Amino acid sequence: MRVLISLLLLFSLLVEADEHDHLYEVDEEVVLWMNTVGPYSNRQETYTYFSLPFCKGEKKEIGHYHETMGESLLGVELEFSGLDIKFRTNTKKTIVCQKKLTETDYKTLLYAIQNSYYYQMYLDDMPIWGMVGEIDNSVNPPAYKLYTHKRLDIGYNDKQVVDVNLTTDGRVDIRPGAELTFTYEVQWSKSEVDFSKRFDKYLDPSFFQHRIHWFSIFNSFMMVVFLVGLVWMILVRTLRKDYARYQKEDSLDDLDADLGDEYGWKQVHGDVFRPPSMPLLFSSCIGAGYHVFTVAVITTILAIVGEFYTERGSLLSAAIFVYAACSPVNGYAGGSMYARFGGRHWIKQMLLGAFLLPSMVCGVAFLINFIAIYYHASRAIPFTIMLAVSAICLFVILPLTLVGTVIGRNMAGTADYPCRVNAVPRPIPDKKWFVQPWLITLAGGVLPFGSIFIEMYFIFTSFWAYKIYYVYGFMLLVTIILSIVTVCVTIVCSYFLLNAEDYRWRWTSFACGASTAFYVYMYSMYYFFFKTKMYGLFQTVFYFGYMGIFAAALGLMTGTIGYVGTAKFVRKIYQTVKID
C-alpha cells in the first residue's frame, strides 16, 4: 500500500510539473514535431515522416529523439519539421520548400495515396493528423492529388497552447518531374479551453460511455451475483449435510461409523492436497500470474489518477516500471508455493518464474522487430532500447524476484494441509464424458469471457483503431468482475471434478481460468478479419504476435485467480468436514 501511495504521489507531482513546462511568452518558438506516416487501415504500421519525399524547412534542424522508453517501443519518431512557428504570432502563407519529383519519389507518393496514408504531428504534445493526399475518381483515369499546403489554427489560453487544428489544401496532381511547392500558414486565436481539459476534444464519450457499455457492465454484475449465489449454495448445502451426518454418527458404534457413506469428493481426501505434476512449472505460472494481476491493478489505478492518454507512451512506460518494481510478488508467490510442494530446485523455479513472461514478450518482439527492420518501419526497436530492456530484466527483475523467493520460502514455505497425504496415490476411476478435465477446462472459460466480451471490443478498438481509451474506471471494474466470475466458475468446475473422485484439481483449476485467454484470442481472430482492414505480412504478424502476448498474460492472470479461489474453497471444505 505504501508503494502504491508513493507511486500516486510521484505521478501527481509529474503531472503538476508538466503543466508548468508548457508556458510560452509572445514570439517564443513553438516546435512542431513530425512523427510518422502509415496506412490508415492499420495505425500500428508506421514509418518515419520523412520516409516520404516531403521536405524540411531551411531552419536549422533540432534532430529527432525519444523522450521515454515507452515512446521508443511504440515507434514514436519525433523529427523537427523546420517550420517557424512563434507563440501568438500569425504566419501568412509561407513557402517551406520546392521539390521536383523523381521517378522514385512519384512511385512512393503514388503508393502512399493509393493506400490512404496519413501522417501524425505533435505541437506542444498535442497530436495532429492529416492525410497525405486523395484520389479523384471524377476523371478517367483517376487522378492522384497530393496535399501541399498545411494551415494550423492554434488556440491559446494565457501562456499555454490549448487547441490545434489542421487543414490541408493545395491539391496537386503528381507525376514524374512535377514541380511541387510546399507551403504552410499559422493562425492564432484566443480560446476559453482550460489547459487541463485540452485533450478532451480527442476523446469520444459517445463511443465509450454508450448505453451498451453500461448495459454490459450491469449484465456482468448480474452474472457475478448469480455465480456467487451458486457457489454459496454448494458450500452451505455440502457443509449442512455433513454436519447433520456427523451429529448422527455420534450415536453410532465404531463399526457403523467406519461403514459410513463416504462418497464423491470425500473419497479423495488423502490425495487432494498432493503436489501437482510438474510442480516447478506450476509454481512459476502461479507466481507470474500473481505478478501480472498486481501490475494490471496498479497500472490501471495509476492511469485513472494520471490520465496517461495525455502523454505519449506514458502508459507503457508506467507498466514497465510497475512490472519491474512488483517482481518480489512473483518470487514470493512462486517460491513459497514450490517450497510447500517440497521442491528442491528453487533456483530453477525462481529463474523460470522471473523470465516466463519476459521471455515470451522478447521472443515475439524480436521476431516482429526483424520484419519491421526489413520494412524500414518505425516500429523497429532500437538496439539501445533492447539493451535497456535486457538490463532491466537482469539487474532489476531478477534480483527482486530472488528477494521475493527467499522471503516466500522462509515465511510461507511450510505446508499446512488439513488432511494427510497418502503415500500411494489413489487410482482415478473412469468418469462420464462431461466431467473430463479437458471439457471442464474449455467450458470454464466461457462465462469469464462473456463478462469481458464487450470491454474487449473497446480495448481492441482503442489499440488497433483510432479511439483513445480513457475509461480506466470501467477497466478496473471489469477486472474485478472478471476475477469474481473466474473464481466462482473454477470453484464449481473443480467441485464437479472432485465429486467424480478425480483429485487433479490444481492444474484443472488453473487451466479452467486460463481458458478465458483462449476465447479472447479466438475473438481477436474474428476482430482481425471482420473489424479491420489489415493485410500483408507485417500487419498480420504484428497483430497476431502481440495479441498472443496479451492472451498469454491474460491466461496467466486468470489461471492464477481461478486456482487461488479454488484452493481456498478446497481447504475450507476439507477443514470443516470431519475426516480422520
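Using N, Cα and C of the backbone, Cβ positions are placed for all residues, glycine too.
Remember, TrEMBL labels are computer predictions, not curated facts.
As recorded in TrEMBL, the features of this protein are as follows:
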SIGNAL    1-17  signal peptide
TRANSMEM  212-235  transmembrane segment
TRANSMEM  280-304  transmembrane segment
TRANSMEM  316-339  transmembrane segment
TRANSMEM  351-375  transmembrane segment
TRANSMEM  381-403  transmembrane segment
TRANSMEM  438-460  transmembrane segment
TRANSMEM  472-498  transmembrane segment
TRANSMEM  510-529  transmembrane segment
TRANSMEM  541-564  transmembrane segment
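With a cut-off of 8 Å between Cβ atoms, the residues of this chain six or more beyond the transmembrane segment (438-460) that come close are 207-208, 212-213, 216, 220, 223-224, 227, 467, 469, 471, 474-475, 478, 481-482, 485-486, 489-490, 493, 496-497, 508, 511-520, 523-524, 527, 531, 558, 562. Long-range Cβ contacts of the transmembrane segment (510-529) within its own chain (Cβ-Cβ under 8 Å, at least 6 residues beyond either end) map to 282, 285-286, 437, 440-442, 444-446, 448-449, 452-453, 456-457, 460, 464, 482, 486, 489-490, 493-494, 540, 543-544, 547-548, 550-552, 554-556, 558-563.
Only sequence-distant pairs (6 or more apart) were considered; of these, at least three Cβ pairs between the transmembrane segment (351-375) and the transmembrane segment (280-304) are under 8 A, so the stretches are in contact. Counting Cβ pairs under 8 Å to the transmembrane segment (280-304), the stretch among 212-235, 381-403, 472-498 with the most such contacts is 472-498. Here the transmembrane segment (472-498) touches the transmembrane segment (212-235). Their Cβ atoms form 3 or more pairs under 8 Å, with each pair 6 or more residues apart. For the transmembrane segment (316-339), the list of distant contacts is 3, 7, 11, 68-71, 73-74, 279-280, 282-284, 286-291, 294-295, 298-299, 302-303, 306, 308, 346, 349-350, 353-354, 392, 396-398, 400-409, 411-414: same-chain residues at least six beyond its ends, Cβ to Cβ under 8 Å.
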